[in-house]
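Asker: Below is one structure. I have some questions about it.
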Amino acid sequence: MLETSKESLIALCTKGQIKQDLSRIWSHTHLISKLLKSCVDRRSLFPVQQLHSITITAGCSKTKFISNHLMNAYAKLGQLRTAQNMFDKMPDRNVMSHNILIGGFIQNGELGTAIEIFNKMGQRNSASWNAVIAGMIKFEFNDEGLRLFANMHTEGFLPDVYTLGSVLRGCAGLKDLIKGTQVHGYVMRSGSEFDLVVGSSMAHMYMRCGSLREGESVIQLMPVHNVVAWNTLIAGLVQNGCATGALDQYNLMKMAGFRPDKITFVSVISSCSDLATLGQGQQIHTEVIKAGAMSVVSILSSLISMYSRCGCLNDSVRVFDEREGAKDDHVLWSSIIAAYGFHGKGHEAIKIFNRMEREGLQANDVTFLSLLYSCSHCGLEEKGLEFFDLMIKKYKLEPQIKHYTCVVDLLGRAGHLEEAERFIRSMPIKPDTITWKTLLSACKTHKNADMASKIAEEILKIDPQDSASYVLLSNTQATAKRWQDVSKVRKSMRERMVKKEPGLSWFELKNQVHLFVMGDKSHPEFNKIDLYLKELMDELKLHGYVPDIGLVMHDMDVEEKEYNLVHHSEKMAVAFALMNTPEGFPIRIMKNLRVCDDCHVAMKYVSLVKNREIVVRDASRFHHFRGGSCSCGDYW
């Protein structure tokens, strides 16, 4: 009966005819709060204004009960100035009046105004503190949020599960394990460790701080799980580089009867991107379609990235072209620009950006980062510098360290090493190791051993344990046949106990990932692979391939150098793929480091001799080998 009355009254409100049924409202004043809540749920402003008008006419607008509910409706519908006006005219405000206004301003992004109201409050309750603490942490003022939490405790207010959840998220934002552990201790003393909100926030805190085992333990000890708990665990595994574990937990989640939501899908699609497991990525794409989630921007963006990182650029383009809704979302446009750039399609990336501008979409710093990256990997130096200029002058965007690094890469790849160094030293922000290593890599490419030594010194001032810098410097010196300098670099590595990151390559076969490492004979088919590799190299030599033994960075005899080259991880991976896939089947190899010059040349010959498309993803980009050539040309 009550629900019928509420629905009929809302209908009258919508039609502007509510004055015909005033008696029913005043005989059931509790209906007003329910009516207003329904108006908020339906995002209907006009009925709220109708009710407000009636309360003024009836002389009830200054009643706290009615005023608070009206103000709450206005605040939640984004009519903050109306809510503020009501608040200012209230002769008798209470704590709820202040809390409603604080919550409204925070919801609408006006944290500063909310804090001003909070500071002027005479009396507060726990909800007042919770709202402002949560607001500060939501807008990433984590230190301030934690300080306010301490003040709350000092003033005698006991935090509840919502306070603790917010504070733990603040510790996660700061990656402050010490403070997070202290809050964990408080949670244990308060008996809130089994609350779903607190437990999930605590696990998130540990995982963001890199303490994966502790985070997993918190989730496992929770007596009841929900989707949020599963999402926390899966996202934490992804953030800590455990992509395989994230996919395992995703499967367990489904087996336990939980339905994945958009947060779950984004995390597991990211796992497939990291592992480059195309088969599993395609399965999850199917599940996204079945769940009706193909209009969610974050999922579409993740799918574009996943297909791109699995070597399937055409599938990335298909997801972008067939997107449902969100046609004007700059995140998706930036994602497809990045996908083209990652595959060395700089001109196509620029065309997408031009389309974006024609359609009046606002590019952001991510868009320009993708454009600069695309230009640097396609030898489009002048165009890249134009975009950097456009970003600053037309779009008024402040470049970040990654944008500056891309410009260094543009100049370095073009051989303008001195100009690149001057650019770094003139940057308004302090260069990091990646910026200097970008130039060091260019020194290696252009065989400038003297500059390489100088640049390596800059890197080692910042991070003396950076193994990649030692390796780049050593390789540059070896290319110049400066074997004594190579020995010095390697001696320095030994003295500082710096270990070179091993080169890994992997290939997915029937949803199983096969890993290859140079010198590692543990693969069950190693002997067959070794024999096949020898035959393959002999066949390539008949077609003109000559091993570049100058790339072997040790002073050893020719036979040993050639053996080392043959057993690079990417060559072993492609041999395994050729042995286990049908003729004409495209091969996709993933590698954790840059592909060396000799392997790059060898892949061209393999694609020609075996008539295969070979796609190699290294630490920098994709290389598409077809018919004896590579899509990246000389800019890889």
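Note: Cβ is positioned from N, Cα and C throughout, glycine not excepted.
When I checked TrEMBL for this same protein, it listed these features:
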REPEAT    63-97  repeat 'PPR'
REPEAT    125-159  repeat 'PPR'
REPEAT    226-260  repeat 'PPR'
REPEAT    329-363  repeat 'PPR'
DOMAIN    544-636  domain 'DYW'
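Set these features in their place in the structure for me.
Answerer: For the repeat 'PPR' (63-97), DSSP puts the residue distribution at 26 helix, 0 strand, 9 coil.
Averaged over the repeat 'PPR' (125-159), the predicted model reaches a pLDDT of 93.
Beyond the repeat 'PPR' (329-363), the same-chain residues lying 6 or more positions past its ends with a Cβ under 8 Å from any Cβ of the stretch are 297-298, 300-301, 304-305, 307-309, 313, 316-317, 320, 323, 369-371, 373-375, 377-380, 383, 395, 621-624, 631-633, 635-636.
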Asker: What same-chain residues lie close to the repeat 'PPR' (63-97): Cβ under 8 Å, and 6 or more beyond its ends?
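Answerer: Same-chain contacts beyond the ends: 29, 32-33, 36-37, 39-40, 43, 45, 48, 51-52, 55, 103-105, 107-108, 110, 121, 123-125, 127-128.
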Asker: Per DSSP, how many helix, strand and coil residues does the repeat 'PPR' (226-260) have?
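Answerer: The counts are 26 helix, 0 strand, 9 coil.
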